[in-house]
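If you look up Swiss-Prot, you'll see 38-256 marked as domain 'Radical SAM core', on the strength of sequence analysis. Among the features that Swiss-Prot reports, [4Fe-4S] cluster binding site is placed at C53, C57, C60, with the record citing sequence analysis. The [2Fe-2S] cluster binding site feature in Swiss-Prot is assigned to C97, C128, C188, R260.
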Amino acid sequence: MAHRPRWTLSQVTELFEKPLLDLLFEAQQVHRQHFDPRQVQVSTLLSIKTGACPEDCKYCPQSSRYKTGLEAERLMEVEQVLESARKAKAAGSTRFCMGAAWKNPHERDMPYLEQMVQGVKAMGLEACMTLGTLSESQAQRLANAGLDYYNHNLDTSPEFYGNIITTRTYQERLDTLEKVRDAGIKVCSGGIVGLGETVKDRAGLLLQLANLPTPPESVPINMLVKVEGTPLADNDDVDAFDFIRTIAVARIMMPTSYVRLSAGREQMNEQTQAMCFMAGANSIFYGCKLLTTPNPEEDKDLQLFRKLGLNPQQTAVLAGDNEQQQRLEQALMTPDTDEYYNAAAL
């Protein structure tokens, strides 16, 4: 295998300092070398356990430390989760992600989590989970159950991280990514723009991700959704061009990764989203909610896809599953419900 050179902070900083249109042009060229620019991967994520999280992530309404009005819910029954997965597949999603507001999963819950993964896989969907910190044995059990992706975000740079989270170290996050990778599960890891970080911190986040032994297969880039009751509720809004620039740099640095528009899409107009796709974003969460924050309605996504000439990507998981793209084009026009908590996984 050819040696992959490591990025330096000065190189990443130079990318962030490029004139925006030059940066977009470079990012789109890189994107076209590795992906069909008209294809966008579509995921649905269900909150299988909501709220009452012991962590203190300052952006998160699911933390038990903040009064956000979020009603906590226990771990869903396996069949409830699988019924939601069936509906997601019928609506055209090709990947079903399951998120739980935990610091880490308890051993008593592992059999139920394994059954969820097995059931989702049996439908011909890709399976993804975000459950917090994992032990080696837990990662291996999920891998044996058939889990395709595990999400565990780094959130920001190592230098700024302590300003946002104190209940879990940066190294713990890196260790979980290593355990997931060693178990044979694909890695999904990204971060959040708008935490109060500097451009240098955004560069530092992408540097950490790109310089992992193997970069994440999926890189969600979130725009902070400010929730009343959280410590970051009064943060300044993120400039759209700054967000687009972050997408473009991520694409250039991780040319074969899927770069996902995640939380914050509800705050973006069509023009901003279009420029994000131009910058190399090629994955979205689809549906009405991102765990506990709004996401554009499904029919709006389809309308935007049509305006831009984009198509939902087909994913061959099991034979006979390629009709999902047609189902998406039909089902996206039906009214949305509040059943899904689709999210930039935390």
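Placed from the backbone N, Cα and C atoms, the Cβ positions cover glycine too.
With respect to C57 ([4Fe-4S] cluster binding site), the closest of these binding-site residues in Cα terms is C188, chosen from C97, C188, R260. Averaged across the domain 'Radical SAM core' (38-256), pLDDT in this predicted model comes to 89. The closest partner of C53 ([4Fe-4S] cluster binding site) among the binding-site residues, by CA position, is C97; the full candidate set was C97, C188, R260. C97 ([2Fe-2S] cluster binding site) sits 18 Å from C60 ([4Fe-4S] cluster binding site), taking the CA atoms of both as reference points.
With every protein chain in view, the residue among the binding-site residues C53, C128, C188 whose Cβ has the most Cβ partners within 10 Å turns out to be C188.
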